[in-house]
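Visitor: Shown below is the structure under consideration.
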Amino acid sequence: MHYAMEQRCLYDYNLSELTELLQSWGEPAFRARQLYRHLYVNLARQVDQMTDLPLALRSRLAEIPFSTLRCEQVQIGDNGMTRKALFRLPDGAVVETVLMVYPDRSTVCVSTQAGCGMGCVFCATGQLGLLRNLSSGEIVAQAIWASQELRAMGMAGPTGRVSNLVFMGMGEPFANYDRWWQAVERLHDPQGFNLGARSMTVSTVGLVKGIERLANERLPINLAISLHAPDDALRSELMPVNRRYPIADLMAATRNYIAKTRRRVSFEYVLLQGKNDHPHQAIALARLLRHSAPRGPLLFHVNLIPWNPVPGTPLGRSEWERVTTFQQILTDYGIPCTVRVERGVEIAAACGQLAGRHSVPLNTVEQEIPARNVTG
């Protein structure tokens with residue numbers, strides 16, 4: 001989809017582009033490195049905080065926004081350890097970002113599109129349809145916001161930023177591949193945000209061409225694939241993308257990815273009561289993965305996800321006994337399997353619940369705090 005915004009923001013520039021911009025203004029290259037450090041290491045909220053830059057340069061930089069994201073609402077759940085931000089974009093589109101804090105780490109769940117065009121029936125974002133792709137700067141700004149929140153909470157740790165990032169928010173990353181990958185490279189850059197590649201995970205509904213591209217990238221970020229069914233008939237019902245990329249094609253791309261990268265692949269499987277959680281479906285899933293695995297150590301992992309309620313859908317959440325039975329069957333077949341720890345359900349921030357709206361009843365929210373923009 002065509003990117004609707006015309007003006008570039010500071011987070012849209014990599015270091016080379018910032019250098020070129022500032023040199024076109026008559027500034028030496030080292031000024032760009034100083035600016036880059038303020039943006040990605042110091043996490044400056046305002047140009048006025050960049051006191052080592054000349055006043056004239058700061059005045060000129062003040063004419064360029066850091067980001068287009070405007071935070072309209074932040075909701076808090078899980079006793080303060082989960083925060084969901086709703087950002088408004090200049091064209092009226094909205095996206096959501098979720099920060100989850102644990103005793104030993106922090107994870108931000110980032111959106112790559114406003115809405116989503118994949119149409120998965122169990123996902124709130126899929127009901128919105130695709131509004132537009134995000135720019136690389138709009139993706140990056142979400143990680144900056146999360147790190148600024150951590151610092152405000154006094155929980156940023158020695159790195160001063162989030163420790164993990166998952167591209168599992170609104171949208172399909174591989175449908176916005178170029179801008180998404182630009183964001184990955186900027187967040188990984190050791191001269192800036194310096195987030196390790198293996199601390200980032202991208203989730204896809206199974207766009208085969210995207211998996212093939214990722215296999216050839218230089219950064220070994222983690223890959224998660226939304227599977228959700230062991231056969232084409234059911235997967236096509238739940239995920240329309242399967243009609244274009246059926247399971248056989250998806251598994252072939254996955255085998256090729258593992259052969260090239262020797263990296264483990266996670267398969268996400270949301271459990272729906274009476275739909276895809278029967279014992280025979282667990283057996284079928286185990287056999288599918290065993291049959292599809294390349295030779296050598298099994299580099300597959302299944303992440304079972306109890307479905308989180310989405311208004312307007314006839315689906316139901318699997319009973320816990322069915323979840324544990326499903327997990328045990330996979331384990332018995334030698335498939336590594338875990339059940340995802342739930343976070344943010346009460347503020348509609350959990351897996352599949354992001355819908356970019358204010359309509360969460362406030363009596364389900366532990367606390368609502370005033371919004372803060374990424375730039376102050």
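Glycine too: its Cβ is placed from the backbone N, Cα and C atoms.
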Visitor: Report the candidate from Ser163, Ser203, Ser292, Ser318 that shares the S-adenosyl-L-methionine site with Gly171, Glu172, Ser226, Leu227, His228, Asn308, as recorded in Swiss-Prot.
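Guide: So the S-adenosyl-L-methionine site in Swiss-Prot includes Gly171, Glu172, Ser226, Leu227, His228, Asn308 plus, from the candidates Ser163, Ser203, Ser292, Ser318, Ser203.
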Visitor: Measuring Cα to Cα, how far is Glu172 (S-adenosyl-L-methionine binding site) from Cys120 ([4Fe-4S] cluster binding site) in Å?
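Guide: Rounded to a whole number, the Cα-Cα distance is 11 Å.
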Visitor: Can you check which residues sit near Cys116 ([4Fe-4S] cluster binding site), meaning Cβ under 8 Å from its Cβ, same chain, 6 or more apart in sequence, and list them in order?
Guide: Cys123, Thr125, Gly126, Leu128, Gly129, Leu130, Met170, Gly171, Glu172
Visitor: Going along the chain, which residues six or more apart from Ser203 (S-adenosyl-L-methionine binding site) have their CB under 8 A from its CB?
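Guide: The list for Ser203 (S-adenosyl-L-methionine binding site) reads Val166, Phe167, Met168, Pro173, Ala224, Ile225, Ser226, Glu268, given in order along the sequence.
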Visitor: Quick check for the class: what is the C-alpha distance, in angstrom and rounded, between Glu96 (active site, proton acceptor) and Asn308 (S-adenosyl-L-methionine binding site)?
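Guide: Here the two Cα atoms are 17 Å apart.
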